[in-house]
Every structure is written in C-alpha cells, then in structure tokens.
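Among the features that TrEMBL reports, domain 'UmuC' is placed at 6-188. The Mg(2+) binding site annotation in TrEMBL covers D10, D106. What TrEMBL records for F15 is site 'Substrate discrimination'. If you look up TrEMBL, you'll see E107 marked as active site.
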Amino acid sequence: MADLNILHADMDAFFSAVEQRENPELKGKAVIIGGVSLSNRGVVSTASYEARKFGVHSAMPIAQARKLCPDGIYLPARHGLYKESSREIFNILKKYTPLVEKLSIDEAFLDVKGCERLYGHPVEIAKKIKKEVKKKTELTISVGVSVNKFLAKLASDFDKPDGLTIIKKDDVKSFMYKLDIDKIWGVGNVFAAKLAEEGVYKAGDIWSYSLEELKDKFGKAGVKLFFLSRGMDNREVKSQSEIKSISHEETFIDNISDQDKLFAYLFKMSEKVSFRLHSNSLKGNTIFIKVRYSDFSTYSRQKSLKVAVNSSEEIYQIAKTLLNKDNLLKKPLRLLGVGVANLCSEGKEQLNLFADEDDHLDQTIDELKRKYGFDKISRARKLYLNNDD
Ligand code: TTP
Ligand code: MG
C-alpha cells in the first residue's frame, strides 16, 4: 500500500495575512492586496478570506473588486515583506525533510519518507509544521497529506484556511469521484468546456472512458486526464538541488511551418522557463532546444555558455540561433521545446560584468506575472499567438 508520505503546504491568503499580522487592526476585515500602485486598472493579488465572501479573488480587476466590496481595505503589495516571511516558512519546512520542492513564494511539496523516526508519522509532521509556522510567523498554513503530489495538493486546498486534510489510499476513489473536473491539473476553461459537451463535469464522469479513447480524443492531455481523474500521479518530489534542468515543450495539434509563429511559441516557452528559473532562484549555463517532425524524428541541439543566464530574452535568442543554425525549421514541426540545464543558484554563478538591462526587465515582468497571473502579461512578440495557443 502506498504510504502517506507526500505533503503539500500552502499559506492562507498569504499577502493579506502578512498585512493583517503587521497591522492587527486589519484582522477579521476584508483586506485586498493590489499591485504596487493599486490603480483601478490593476488587478487583485490576493484577498483575505473575509473579502472572498464578497466574491473578490486573485487576478480580478481592482475596479470590479471595489464594486463587490466597497468597504474593503485596499493595500498596495509590499513584496519585500512577503519574501521575508516566505524565507522563514521555508526554513521551517526544510527542518523536517531535505526533500522540499518549492512551487511558489508560499507553497511547497515535501516528501517525508524516512523522516518518521525523527519527527513521527506524516500526519504528525503536518501538525508540527502548522504549529511551528503559527508560532514563528503568526500566520496559518494549510497542509494536505496523501500518497502523491496531485492528491496532496488537492488535500491542502480542501479545507482552507488553516486546513489539515488527509487523503488515504482507501479514500482516493470516493474523493475523486465527486471532484469537479476543473480541479484537475491541465483542465482549464477551454478544456472544461469541451468536456462539458461530452457530459463530463466530475472526475468520476471520465472513468468510463478507456485510455485509448481519451488519447484519441485529446492526445497527451487525455492521457493525463485518465490517470489524474483516478488520483494516480507518479511524479517525485524534487528538491532544488535535484532539479537538473528546466524546460518547456509543446506538441502542436497541427504541424507548424510558419517561422514567425514558431518563434512566437519559442518566446512564450522561453518566458515560462525563465519564470520557473526565477521562482527557484536558479540560472543555467546550457540552453537546449528540441524539435520533432511529423514522422516523429526528433533532434536536439544545445549551447553551453560561460555565464549562467535566466532571462527570457537570452534564452530565446540563443534558442533561436540554435534553431536557425542547422536549418531545423526546414520542415513543419510537430513539437518544439526549449530548456536550460547545468543549473546553479542565483548569486552563486560567475559574475557577468557585462550584464545588460534585460535582467531587470525580466524581473519586472516576473513580478507582474506573480501579481497578475501568468497569462495576463507578456511582451508584444507573444501577441502573435491566439489566446488559446
Ligand atoms: P496563492 O497561494 O494562490 O493564494 P493565497 O495564499 O493568497 O490564498 P490561498 O489561501 O487560496 O492559498 O498565492 C500566494 C500569493 O501569491 C498570494 O497571496 C498573492 C500572490 N498571487 C498573486 O500576486 N497573483 C495571483 O494571481 C495569485 C494566484 C497569487
Ligand atoms: Mg496560498
């Protein structure tokens, strides 16, 4: 039987909880954190649970939030403060296991296998983490405990705020059966609408489809859906030092020969890779690309650099050179991928005395993405793609 070794921990209403801690008068009130400037054209970073009762949520335009919750307290984001709390929280998590995979400023996966002798059963560890976070930071964290990453993440979300939810192997079936289909990773609005056309609303509704059927209908996304709808997920928790490379690839529904479109995709993917590198405070010395043609022949190319990089523009430019060099775009592509390997922690890399302004631009874009949600912000080049691309 699979053991309850995987934890997912996620701070509750993180930015607003920090503000409520800093100013106790805000406790119990509807607190809404906007961008740095809080203009009406900006969007909500997060809202306290009190504000969520009015329907306010992350990525909602501030103007709309003000209509829903006119008496709310609107505050600009203070990222330095949140980063400081985040550091404190991760220091606590790392005490219980070296296997902590950071997902964002306020959430992480932990694999606590083998830590029982020191810290007790995984549920005990979850309780200890909650208690210690509360004591040291005066903030609450929700923790999910289960047999894999996917289920642990669903569990931490199940009873927010200040939740502790355990999904045992024996409970997986009943838990998944009634789960809304859009709670499954990879099922966004477009996919959920397509599934609704088929009469699929809950994870259990997909169980009658065979793996082949789902693969034929939806390709790779269908395969993922088959397994995740049953609560099956075999991905391992990876600590930062174990991450060997960060990459992104896309298989196209129709093969693409239009170079401008391919470069637009390449840029979009470079941005995603850069965002994940920044989120993990990593840089890398090797850029690689991968292409696959309609006959499934696959080629990759890589370039090693003297200086580690993580800006989207650098990744994009080097990847583009690699694609152009051997005329790899001579035939239509079925798949395109880009990645960065030979990773090192930011700050520990060799100093590049000639670093240009691009890093700063990237950092600003990253901040905006964190604030506004990934797809809201992009440089003009990506506008070449449709929203669905
Ligand atoms: P989340 O963990 O998604 O949200 P949360 O911690 O505010 O609330 P929950 O209790 O549901 O976990 O994100 C963590 C922080 O990241 C959040 O406090 C603010 C920031 N953030 C944004 O700036 N923009 C966004 O669109 C989202 C989702 C989060
Ligand atoms: Mg959170």
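Note that Cβ sites are derived from N, Cα and C of the backbone, with glycine treated the same way.
Structure with TrEMBL features highlighted.
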residue : record                          : DSSP class
D10     : Mg(2+) binding site             : strand
F15     : site 'Substrate discrimination' : helix
D106    : Mg(2+) binding site             : coil
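For the residue listed as 'active site', the number of other Cβ atoms no farther than 10 Å from its own Cβ, over all displayed protein chains, is 19. Within the model, the domain 'UmuC' (6-188) carries an average pLDDT of 95. Each residue contributes its Cα atom, and for F15 (site 'Substrate discrimination') and D106 (Mg(2+) binding site) those atoms are 9 Å apart.
Within 10 Å of its Cβ, the residue among the recorded positions D10, F15, D106 with the fewest other Cβ atoms is D10. When the Cα atoms are compared, E107 (active site) and D10 (Mg(2+) binding site) turn out to be 4 Å apart. Ligand 2 lies under 6 Å from the Cβ of the following recorded positions, listed in sequence order from D10, F15, D106: D10, D106.
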